[in-house]
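This is the structure I have questions about; it appears just below.
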Amino acid sequence: MNDVTNTGGLVIEGLSVDYDGTRAVEELNLHVPDGATLAIVGPSGCGKSTVLRTIAGLIGASEGRVVLGGRDLTGVPASKRNIGLVPQHYALFPHLSVRGNIEYGLKARGVPAAQRRSRVDELLEFTELGALERRKPAQLSGGQRQRVALARAMAINPDVLLLDEPLAALDPQLRGGMRRQMLTLLDATTSVNVIVTHDRQEALAMADLVAVMRAGRLVQIGAPRELWARPADAFVADFLCDAALIDAVLTPEGVQALEGRWRIPSSTFDDVTPPAGDQPARLLLRPTALALSHGQPDPPAGSIEAHVRQAEFVGESTLAQLDLAGRTISAQTPVPVAAGDVVHVTIAQRRGVVLGEKEA
Amino acid sequence: MTTALRYPVGMRVRRRRGTAQARFSSLPAALPGIAVLLIFGAVPLAILSVTALGLGATGSGEQPGFTFGHLLQVFTEARLRRELINSIVVGIGSVLIMLIAGIPLTLAMSRHEQDRGPGILGGSALVSVVFTLPIALPGIVVGFFTILMLGRTGLFAQAIPAFGGMAYAIPGLFAAYVYFSFPRVIGPLRAVMSSFDHSLVDTARTLGSSRLRAFFTVSLPIVLPAVVEVLGTAAAVTIGGYGTIATLSQGERLLALSVADELSNRYQVASASGLAVVLAMLAAGTLAVSRGLARILERSRA
């Protein structure tokens, strides 16, 4: 890794964290520029919350450094880091009012009363909580609690704003609206924002950079569109894109996958230049990239037979789990298929993505 | 109580609903308990009160006839007044001392248990035994422990002569009753702290609070209503504890000692009854005040 510790923003360098005798995070390297939002995604237990707590200073690093704006925070206690934390369930102080919660950090820093009042007023207005300033957390809805937690963290003008699963505690129907509202709030900050989530939509929608973690290790980091277009491996493809990544061979005629049983002509793809000889490649199969045909006497060109294992009607389409030569692959189709059907699968025109052998 | 630690208002609403349902559904189940309480609690207290008013049995040399003298002697006799004050000071003071040590200890145990499961500071069998053993020890044995440590030839006296005989003075009584109240405070506190949301403290620290400030501005206000209840219950038990003071009765005395003395050694039935009623009222009053205070604290933060 290049020396980026003096370039500003948040730098995590060679970070390893041992938690109760187990290595929870291994050799993590990240750089988030000032004003950018990083989303750390991964399944439960992948170490993403441990990274967040280590940045906050609530867990010590076993190895490596956390550097913020050129300042090494590794040995600095949590209370001196100037970091705003929004915990998963918001952790609002139940004995304090909305105003009391928001001004807590300012009081702890000894900010004079007049300045405190003015800053809290500003945040109450910004988060549209003015009418609720005297209420206690138990009297607020989930969305209101979230805004109080955010305002409380923002009140101290933190250098880094850490959000742990910020939308997970909300009802699914509220999440879309709250996500948009939170984007507006985060856009107004000049700090580095780090969001930990297991929700790929949240990560893709809210972040400038997405880091995918698995088993304590960073698998891939990049801009959302970059990761969406070129996932580093099958895990990232599955987790972030809900897609399958299968080995393939790029031939002068097209793409061969599944040990040559599926031959797809080059004309199906937009960006595939037929090579002179065979080249190893990978085929990214998103649910929306697959076209199914059912009950037709002749299988379409470039198709492969598959069995429908499971079919869920999801409104405008059906989400089918297909057994494709022993592999389970998702396909979203307008064709009303049912479990047990035999279908033919092709790649929809211009929807297939062929990746090189070792994209990263 | 435990759910109150995060959302006190929500807890109160639930409790009200629960109470309303319980009023109808659990009465038959509660009847045996109510009967036992009436037979072994209310009836003896009524008889004791009648006797204390001079309207029941009398003892050696006691004149029958209505009087408030037996009830009021704790206020009119200097010796008994001192015992009453000693009982209040030692009963509440020893529990307060235990609370000062117990609140941070049980919070730390709860944090350790939530973060890493049962361990040295968590709920391991050994820790549970160590922290609950004193509850199985009779008060008289606790008294002996105190004599062994702080008696005239106790271990402390051998090291520092000034400690000799402290077991029979107020500091010795405090030491004995702190040990006596230890499990009565630690046990309920552990239950209270087991569901404490430690992310509140973490958040307070990231907002710039030191550990000490986070304790006084977040942890303590949240657990305070439950702590006050624990204080009242433990103090009520400690105020009435007889065994320990019976062993340490050579110097400073507590009221429980005089209740037994009046009855067993001097056969002053009405006088002993008067003192017993005052002692019972003191213990019950401590309990009631603590419960009332806890409710007020809960309401004030809702």
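Backbone N, Cα and C define each Cβ position, glycine as well.
Feature list, courtesy of TrEMBL:
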- B:84-288: domain 'ABC transmembrane type-1' (DOMAIN)
- B:24-47: transmembrane segment (TRANSMEM)
- B:84-108: transmembrane segment (TRANSMEM)
- B:120-149: transmembrane segment (TRANSMEM)
- B:155-180: transmembrane segment (TRANSMEM)
- B:214-247: transmembrane segment (TRANSMEM)
- B:267-289: transmembrane segment (TRANSMEM)
I need to check the long-range neighbours of the transmembrane segment (B:84-108): which residues 6 or more away from its ends have a CB within less than 8 Å of a CB in the stretch?
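Sequence-distant neighbours of the transmembrane segment (B:84-108): 74-75, 121, 170, 173-174, 177-178, 180-182, 184-186, 189-190, 192-193, 196, 215, 219-220, 223, 227, 230-231, 234-236, 238-239, 241, 252-256, 278-279, 282, 286.
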Report, as numbers and ranges, which residues of the same chain sit near the transmembrane segment (B:214-247): CB under 8 Å and 6 or more residues beyond its ends.
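Apart from its flanks, the transmembrane segment (B:214-247) reaches 1, 4-5, 8, 87-88, 90-92, 94-96, 98-99, 103-104, 107, 138-144, 146-147, 173, 176-177, 180-181, 184-185, 188-189, 192-193, 196, 200-201, 204-205, 253-254, 256-257, 259-260, 279-280, 282-284, 286-291, 293-295, 297-298, 301.
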Thinking of Cβ pairs under 8 Å, which stretch from B:24-47, B:120-149, B:267-289 has the most of them with the transmembrane segment (B:155-180)?
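Checked against B:24-47, B:120-149, B:267-289; highest Cβ contact count belongs to B:120-149.
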